[in-house]
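What TrEMBL annotates here:
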type: REGION; residues: 1-68; note: region 'Disordered'
type: COMPBIAS; residues: 1-11; note: compositional bias 'Gly residues'
type: COMPBIAS; residues: 22-35; note: compositional bias 'Polar residues'
type: COMPBIAS; residues: 42-55; note: compositional bias 'Basic and acidic residues'
type: REGION; residues: 83-112; note: region 'Disordered'
type: REGION; residues: 126-152; note: region 'Disordered'
type: COMPBIAS; residues: 141-152; note: compositional bias 'Basic and acidic residues'
type: REGION; residues: 172-248; note: region 'Disordered'
type: COMPBIAS; residues: 181-194; note: compositional bias 'Basic and acidic residues'
type: COMPBIAS; residues: 204-215; note: compositional bias 'Low complexity'
type: DOMAIN; residues: 286-574; note: domain 'CDC20/Fizzy WD40'
type: REPEAT; residues: 330-371; note: repeat 'WD'
type: REPEAT; residues: 413-445; note: repeat 'WD'
type: REPEAT; residues: 543-576; note: repeat 'WD'
Amino acid sequence: MGLNGDSGGGALSAALKRPVPDSNSPTVASPSRVSTPPPQSDRLRGEARQGERNGRISSRSSDFGRFAGLDADAVDNALRRELGRQQREGTPGASPHRKRQRINGDRFIPTRSGQDLQAGFSLLHEDGSPATPSRLKKRTPHGELHFQKTEEANRTFSTLLRAELFENSIPQATPPSMSPDHGRASHGGHDGMRSHTPPNGAAPSLPSTLTPSTPHKNLFSYMSPRHSNIGGHLTPSRTPQSRHGPNMDTRSEVYSLSPVRFNSQQMLLSPRRQPRAVSKVPYKVLDAPDLADDFYLNLVDWGSANVLGVGLGNSVYLWNAATSRVNKLCQLEDDTVTSVSWIQKGTHIAIGTGKGLVQIWDAEKARRLRTMTGHTMRVGSLAWNTHILTSGSRDRLIYHRDVRAPDQWLKKLVGHKQEVCGLKWNCEDGQLASGGNDNKLMVWDKLSDTPLWKFSDHTAAVKAIAWSPHQRGLLASGGGTADRRIIFHDTVRGTVVNEIDTGSQVCNLAWSKNSNEIVSTHGYSQNQIVVWKYPSMTQVASLTGHTYRVLYLAMSPDGRVVVTGAGDETLRFWNVFGKRPGMRDDSDGGGSGRLQDWAVIR
């Protein structure tokens, strides 16, 4: 009777009270607590659970209401209200994902606990450089001088930072062959990669859950001081006092006004070897009108008598380095000068022409000695080996000529498939190097007509060729615009020793006579002259000034000055190399020869 006030609840109770007849026992009214149906909330809760399992709460409520003669919508709404209240009051099965609230203190203490410092340093960009990774992605030639200075400064900064952070426990670089397993095995089960990183005192062990599975780029994790006791090192509240009285060491950090430790100060103040100073501007500039802007020609050469020979148009001019006087040696008729080359010792100069002729002139007497034929196209390269004159042409042939014999040529070499644009003799070993527009570099032994070695490493024309005077069989070659590399070859074994990408067309190469350095001239985009230190191939100097490709290069007899020529019709003289040990400062490099007095040349 107490449920009559609720029509829905009374109807539900009436529908559930169904007496079961028993034939053996008289019908006896059940006690009130037995006959009274379960409370409405319990019954609704049971129906709600059943509805969740079957996913058909609404349909079951509708069927049940139709069975009981009730309003299905009213029952459905009652079930939904009860279900919502139950979810609010019940305990969820899993905690909701919430971002942990950080408690920030007034200072943050770095903790090294659980940090693999060796892995952290390995994940930093190269050498711990403070430069941003985006800058490192930009292609920068390995040899750029400013890039080398920046890298040196970055290495110094990285060394100083590691010394300040870790003192004597600086993580050591792991050799490439050292794997984690190998390190553990070599230390008897101890991790060799971390053997240098912990402080002197044994650090408390951490639970396995605090050990990171993947190293992060952040070397330290920062936390509030109230949480730093989890394996971290607490900052001491005061400076420990010495038990032996005041510290009288003037080098002690107690008295230091520097922000870095004493050892770091010594490192920063230690003397460093300064790079050799090279003047960035030429000490002399000469106008050279009609100097051809042609990559395949060789129009400048400096003779042993300290006289510079230059081919301009159809004429050859001689410039005396001691007196700075200029004289015209010859002027060709209906022909052009395509190459010039001085004999090693003497006053004879060879001239190659556009019609394939080779002329030999006596510069002292300004007289042509002979004209040799053989080539059918222009002669772009010449090379002397005592009395043997070798010429290379656009007709792809190489001729050996004995200037003492009446014959036009002694040997004909067939090997290149395009124009021969580079020739250099190694007079000590009797080997000839030839480079061509077919991207091939060939080495010929003495007067043999079969190449000793064929190198196909370049991907552009090979004009720049130079033999090292400091190492036997070391040959340097430079490639054109599509290649841009300087490659070093061992002609004794026929192998490649080293190579470097210069970033621009390599037009000429020349070894220093006084030091183990090499100078190269380049084309687009900076038209620079670069002095390299061999074998590290670090830049000593990078000289600019030409506005066209630096196609021509020659070196003074004393090896201290180089002259460069370009299509901008200028010749520039640079002091790039030091003097030879034992050489006097007033040495003129051979200027005291017979050609010093230009009065004999008309």
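Keep in mind that glycine also has a Cβ here, set from the backbone N, Cα and C atoms.
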Below 8 angstroms Cβ to Cβ, which residues of this chain, lying six or more residues outside the repeat 'WD' (330-371), approach it? 297-305, 307, 309-316, 318, 377-386, 389, 391, 393, 395, 401, 403, 427, 593-595, 600-602
What average pLDDT does the predicted model assign to the repeat 'WD' (543-576)? 96
How many of the residues that make up the repeat 'WD' (413-445) does DSSP mark as helix, as strand and as coil? 0 helix, 20 strand, 13 coil
Helix, strand and coil residues within the repeat 'WD' (330-371) as assigned by DSSP: 0 helix, 24 strand, 18 coil
Residue distribution over DSSP helix, strand and coil in the repeat 'WD' (543-576): 0 helix, 19 strand, 15 coil
